[in-house]
Amino acid sequence: MAPTQGPRAPLEFGGPLGAAALLLLLPATMFHLLLAARSGPARLLGPPASLPGLEVLWSPRALLLWLAWLGLQAALYLLPARKVAEGQELKDKSRLRYPINGFQALVLTALLVGLGMSAGLPLGALPEMLLPLAFVATLTAFIFSLFLYMKAQVAPVSALAPGGNSGNPIYDFFLGRELNPRICFFDFKYFCELRPGLIGWVLINLALLMKEAELRGSPSLAMWLVNGFQLLYVGDALWHEEAVLTTMDITHDGFGFMLAFGDMAWVPFTYSLQAQFLLHHPQPLGLPMASVICLINATGYYIFRGANSQKNTFRKNPSDPRVAGLETISTATGRKLLVSGWWGMVRHPNYLGDLIMALAWSLPCGVSHLLPYFYLLYFTALLVHREARDERQCLQKYGLAWQEYCRRVPYRIMPYIY
């Protein structure tokens with residue numbers, strides 16, 4: 001019998017019907033984007049040029065490659081870490097421990113790929129396998145999510161997430177029942193959050209760059225920019241891996257299909273969309289425009305990193321000279337809310353930086369197609385939705401102090417606009 005956890009959290013994502021729709025819509029959207037990027041018209045909207053059959057999607061070679069990739073990243077996860085960090089306090093007052101070695105995994109992966117390429121590894125062949133790889137990644141996500149759902153049936157009540165325990169199997173399968181599913185000290189959610197998907201994303205980008213060099217003699221400036229910008233983003237996330245321990249994904253959401261599919265399939269195969277588009281639809285880009293795009297990305301990164309670093313520094317040590325002079329609002333929980341610095345400009349300055357960078361990643365693809373701007377459109381919707389979830393949780397947690405913060409900082413993401 002499944003454990004219960006008392007009062008159930010309000011349903012999100014449209015409840016069971018919304019969850020059922022997203023179970024189908026998310027994979028369908030991913031495959032549409034993969035097909036559209038390689039088609040002649042490259043249309044974001046409308047049917048793809050051709051729908052592949054199972055003989056195109058299913059490949060034992062792709063399955064072996066995908067399982068080998070997961071195995072490699074799991075092995076790198078188990079290597080000694082430069083640091084072991086404690087997570088947030090759980091319902092039973094305990095704290096889980098997490099290895100901080102994601103950046104180490106990125107570097108070792110890069111070294112292994114470099115050695116493989118020097119030995120003749122045909123990395124440029126990877127773009128031709130994106131469809132079957134995406135198919136086996138999706139299949140893996142469904143099977144893995146079923147395992148997580150079954151595992152949660154015997155988990156103690158204290159291990160369950162605030163949401164994902166509605167009693168509806170489809171909704172709970174989608175959202176995830178258990179907060180931190182583990183076997184021994186291997187944390188499945190933490191592993192998937194930043195490892196196979198993010199590192200896989202930059203590897204796919206590199207393969208697309210290599211393929212363009214094979215086809216056209218050298219990679220285009222636009223391809224270099226997309227690869228460089230997104231490598232910086234992934235490297236930053238893995239270098240500051242410890243910060244993920246305070247995010248909603250880790251502290252609030254259960255681990256179900258939503259995060260499993262997102263981490264393992266959606267991220268590597270849709271976030272690489274700009275590089276996929278450039279391989280099949282090369283775009284001219286001059287140095288003046290490239291310089292402007294670099295400036296836009298640098299501005300977004302400066303805001304993103306500055307806001308996150310300020311928040312993380314304040315959480316670790318409010319007396320740190322870098323944040324000691326910032327104005328705060330006291331809360332009933334004992335924690336303080338920053339109301340100056342980056343967090344006095346808007347309530348989510350890190351989201352603002354994220355969106356500016358998303359624009360910079362799309363601009364090298366030109367303005368003749370909407371498809372490369374899918375990430376910007378999707379990420380805007382995602383962050384607006386996440387911001388609304390943040391607002392509800394913070395209001396519930398901090399009460400009047402949060403209302404005062406919202407009065408002092410009226411704009412949510414973009415100053416004077418939203």
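Cβ coordinates are placed from backbone N, Cα and C, and glycine is handled just like the others.
Annotated range for transmembrane segment in Swiss-Prot, selecting from 209-231, 255-277: 255-277. Of the two recorded stretches, the transmembrane segment (13-35) lies close to the transmembrane segment (255-277), with three or more CB pairs under 8 Å once pairs fewer than 6 apart in sequence are set aside. Sequence-distant contacts of the transmembrane segment (62-81), counting only residues of its own chain at least 6 positions beyond either end whose CB sits under 8 Å from a CB of the stretch, comprise 99-101, 104-105, 108-109, 112, 129, 132-133, 135-137, 140, 186, 191, 195-196, 199-200. Between the transmembrane segment (255-277) and the stretches 102-124, 129-148, 287-304, 355-377, Cβ pairs under 8 Å are most numerous for 129-148. If you look at the transmembrane segment (102-124), the same-chain residues 6 or more away from its ends with a CB under 8 A from one of its CBs are 72-73, 76-77, 79, 81-82, 194-195, 199, 202-203, 206-207, 210-211, 213-214, 234-235, 237-239, 241. A simple way to gauge crowding: the CB of Tyr405 (NADP(+) binding site) has 21 other CB atoms within 10 angstroms, across all the protein chains here.
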